[in-house]
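Engineer: Please see the structure below; I have some questions.
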């Protein structure tokens with residue numbers, strides 16, 4: 001497990017303008033991403049520092065050892081080469097960049113390679129080979145189950161098996177784009193047959209994205225005590241969902257068109273190294289719940305396998321933006337609501353010998369909390385569309401409409417350490 005080191009010192013400051021007061025990207029963070037300065041530019045690796053992006057590919061001559069070798073991989077258009085052999089090279093690079101960005105003598109050398117983030121476009125951090133979405137938010141699972149099975153909201157396997165399904169990697173997009181409202185079949189409860197058309201129950205899901213670094217060979221499982229070193233880091237994930245399509249199609253094999261049309265991720269990878277101070281104990285299971293099977297249990301993982309990460313969802317309608325109104329916060333949740341740890345998800349995914357690959361994306365599933373102000377989807381907030389939510393400008397919503405924009409934010413917080421953020425996960429619905 002990554003250790004606390006100099007890069008987590010809350011007293012550390014940077015010479016980069018605005019970095020010390022930045023609520024997302026102070027020098028204690030240094031997330032990796034892929035950026036372009038203009039559409040014709042070559043995509044390459046950058047690191048966020050305040051409102052700036054540092055072009056890592058230009059720094060190899062000023063670095064040494066593993067950090068130099070890592071910077072030489074930064075000309076690639078994805079993070080895959082940097083993380084393919086594990087986290088060690090990226091960690092060495094992050095540490096070396098921390099030294100440069102906190103040493104004022106490096107200012108003249110690095111300033112030509114700093115670009116205003118507003119002048120750059122951000123790409124997906126990895127070339128995604130596969131995408132699996134889990135269902136680890138137990139409050140979400142209970143809330144949704146209660147809508148359809150009031151007397152038995154959780155199925156018998158939930159507390160034994162980390163439930164997941166295979167998603168669609170090709171439709172994952174970085175923050176800042178548009179989402180075309182999906183078409184498909186939907187059937188109302190009192191109708192004799194389904195109809196085809198655009199979804200009327202379009203929803204978001206507040207999740208975190210788990211990015212895989214080093215993979216494993218086909219037929220070789222990943223043990224629970226070894227799983228965390230395969231995790232490159234985290235970002236925010238919005239797994240858009242068409243609830244009316246989902247209700248009609250999900251039996252017997254699960255969601256299909258209701259989920260595969262679009263998923264949005266925040267473009268910055270907050271590394272496992274940066275998140276080391278924010279690892280916390282996995283919350284104890286309620287009395288009477290079964291213990292994890294032995295292959296899913298590790299004492300160290302239970303002691304430090306959860307994350308102290310706060311997550312928020314905001315909605316901005318077309319009318320709100322036209323009037324100059326700020327987005328309205330819909331809910332605030334936490335990663336600690338995960339019933340399973342990140343390591344347990346990785347281990348379970350590979351326990352049958354499934355080969356995980358660099359750049360694979362694992363979604364946590366919707367992370368709702370125990371109270372309504374922490375619910376991570378409109379399906380829950382509106383009780384299945386029965387109770388509209390009222391917005392500050394007088395509008396109301398049961399599900400999303402054309403022109404609505406969903407913004408998700410997240411921050412890692414722990415006493416005694418500088419909070420770090422994940423940037424934005426934002427997208428707008430179009431017809």
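Counting begins at 1 with the first residue displayed.
Quick reminder: no glycine exception, Cβ is built from N, Cα and C everywhere.
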Engineer: Among 239, 244, find me the residue TrEMBL lists at the same Mg(2+) site as 259, 263.
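Structural biologist: TrEMBL lists 259, 263 binding Mg(2+), and from 239, 244 it also lists 239.
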Engineer: Quick one: which of 119, 130, 133 does TrEMBL put in the Ca(2+) site with 205, 207, 239?
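Structural biologist: When TrEMBL describes the Ca(2+) site, the candidate it includes is 133.
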Engineer: Of the binding-site residues 239, 259, 263, which one has its Cα closest to the Cα of residue 140 (active site, proton acceptor)?
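Structural biologist: Going through 239, 259, 263 one by one, the Cα closest to that of residue 140 (active site, proton acceptor) is 239.
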Engineer: Show which residues of the chain containing residue 263 (Mg(2+) binding site), separated from it by at least 6 in sequence, have their CB under 8 Å from its CB.
Structural biologist: 131, 167, 168, 171, 172, 173, 237, 238, 239, 240, 363
